[in-house]
Amino acid sequence: QCLYQLLAFVPPSNESLRKPGTASVMVDTQHPLTLLLNSSVGDRDLCKIQYHFGEFGNYSLVVKTLSTSTQTVSCDLIVNEGPVNSYLPILFAFLVYMGVLAILIAGRLLMKIDPVRNWVFKKLNPRATDRMINSELGSPNTTDSINCDPTPQSWSTGSRQRLRSLDTFRGLSLVIMVFVNYGGGKYWFFKHESWNGLTVADLVFPWFVFIMGTSIALALGSMLRWGSSKWKVLRKILWRSFVLILLGIIVVNPNYCLGPLSWDNLRIPGVLQRLGFTYLVVAALELLFTRADSGTWEGQFPALQDVLPYWPQWIFILVLETIWLCLTFLLPVPDCPRGYLGPGGIGDFGKYPNCTGGAAGYIDRLLLGEKHMYQHPSSGVTYQSTMPYDPEGILGTINSIVMAFLGLQAGKITLFYKDQPKQIMSRFIIWGVVMGIISAILTKCSKEEGFIPINKNLWSISYVTTMSCFAFILLLLIYYLVDVKKWWSGAPFLYPGMNSILVYIGHQVFANYFPFKWKMQDSQSHAEHLAQNLTATTLWVVISYILYRRRIFWKI
């Protein structure tokens, strides 16, 4: 539903020289396009062609006059040079990584052979080698650790080990996030969706929020069982939330590109800011109602022992969601229709060019000011919106709290059904199915036509339920492979998952430094971009592995 945008003016042909009028243009290849040819005389539509162009293809739209009297023309699209297969670099990268994985697996199998292992012991430090072979999950001292990158512990009081699946889940989200932030090989599906819909890039942040909520449940219960008072835990929650928000505003601030950072152009919202505030609300909410002893629920419906004792929390979350719905659909926004959820710009046939994000954008502009928001939203590319819009704005934070609370529920499941993997997995399935059904109802299984479309910029409730559905199912798979069957150690995602704050801040701060970035010979090449972005991402995985081996963990 976009307005037509002028591509080119085709000059009239020179009949004496029999030379046709020509014009050359570049067009987008991400979405199918509609080309509309207008007559310069009378502004009449001559022909309309819908086509999905391919990358680096060369095409001609040949227009011939069939009848001068009736002004009828023929329009034929000719492929002069076929598009390239832009996905070959992805296939090549996949094969390279699979080859490396095969070598590592073969090496591990060889290490199970006694003569080989004894020879390695002689060549290397026996103690370090033994740790490497057995891949025992070392844990930093976390007697009183609770933070945004918490140290979740299992329910066993005898062996205080980390739950590998949580670190693996967090690390997987973080690795994809780093790869996407570095450019994702310049593929459109590794960039954020322009408005409604999902790409790979839209998956990772809510997953990170989800697993943060899961870790809160485990860490809080652990601290209280080890004798920490609730006031002491609350002070830690407040301090770490403050540090996270401060790091987001001062260190990881994309408005640096506008010049020296000052209050005039300081972006107030951000990823770490949202994580910090979400963590504060959800951790405080859980601290208020959690118990040091998570024993069996003695009331009715024991199958709901992870839900019913915490009914005040659910009421709080439902009130928050009601506030989001009321503000989104009932708040009057000047010069915009009530309940508008569109991108503004040329979207919706250009009727509401300054209404980007509806109530969410209006609240941010009103409370924060346009200069303190993200200046280059993803909607600006496709929909040519000119209004600043912040995807980590105030209103969307409500639904990130809901997302973290659903992750908190996953943590409670692992606590209440300890040593019962079948119960844990069955409940993950149930929650995933319930979230999926809610998403299907809200969206009508449609990208654009639902009651509330899936939208990462708005952090719509359908986006939260969809991402929670995926998160429950993904956590189920990782939990089954890593913690139940122990078929997978969680490597390599385990290592960045145990140092997530350091990796996230580090990859932002050093994004433009070698060896994470270098000058490319062909800036239009997917292969070069993909090689650079994968190299940078792999380096952070290697760095996190080295820190893991040296038992260095940065906690806030």
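Yeah, the Cβs are placed from backbone N, Cα and C, and that goes for glycine too.
Now, the feature entries from TrEMBL:
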DOMAIN    162-282  domain 'Heparan-alpha-glucosaminide N-acetyltransferase catalytic'
TRANSMEM  87-111  transmembrane segment
TRANSMEM  169-189  transmembrane segment
TRANSMEM  204-225  transmembrane segment
TRANSMEM  237-256  transmembrane segment
TRANSMEM  271-289  transmembrane segment
TRANSMEM  310-331  transmembrane segment
TRANSMEM  394-417  transmembrane segment
TRANSMEM  424-442  transmembrane segment
TRANSMEM  462-481  transmembrane segment
TRANSMEM  493-510  transmembrane segment
TRANSMEM  530-548  transmembrane segment
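Sorting each residue of the domain 'Heparan-alpha-glucosaminide N-acetyltransferase catalytic' (162-282) by its DSSP state yields 90 helix, 2 strand, 29 coil. Only residues 6 or more beyond the boundaries of the transmembrane segment (462-481), in the same chain, are considered here, and those with a CB under 8 A from a CB of the stretch are 165, 168-169, 172, 198, 202-203, 206-207, 210-211, 214, 399-400, 402-403, 406-407, 410, 421, 424-425, 428-429, 431-433, 435-436, 438-439, 442-443, 450, 452-456, 487-488, 490. With respect to Cβ pairs under 8 Å, the transmembrane segment (493-510) is most closely packed against 271-289, considering the stretches 87-111, 271-289, 310-331, 424-442. Across the domain 'Heparan-alpha-glucosaminide N-acetyltransferase catalytic' (162-282), the model assigns an average pLDDT of 88. Counted over residue pairs separated by six or more positions, the transmembrane segment (271-289) shares at least 3 Cβ pairs under 8 angstroms with the transmembrane segment (394-417), which defines the two as touching. When Cβ-Cβ distances below 8 Å are used as the criterion, the transmembrane segment (87-111) is approached by residues 117, 120, 133, 185, 187, 526-527, 530-531, 534 of the same chain, each at least six residues removed from its ends. Contact between the transmembrane segment (424-442) and the transmembrane segment (394-417) is supported by 3 or more Cβ pairs under 8 Å, counting only residues 6 or more apart in sequence.
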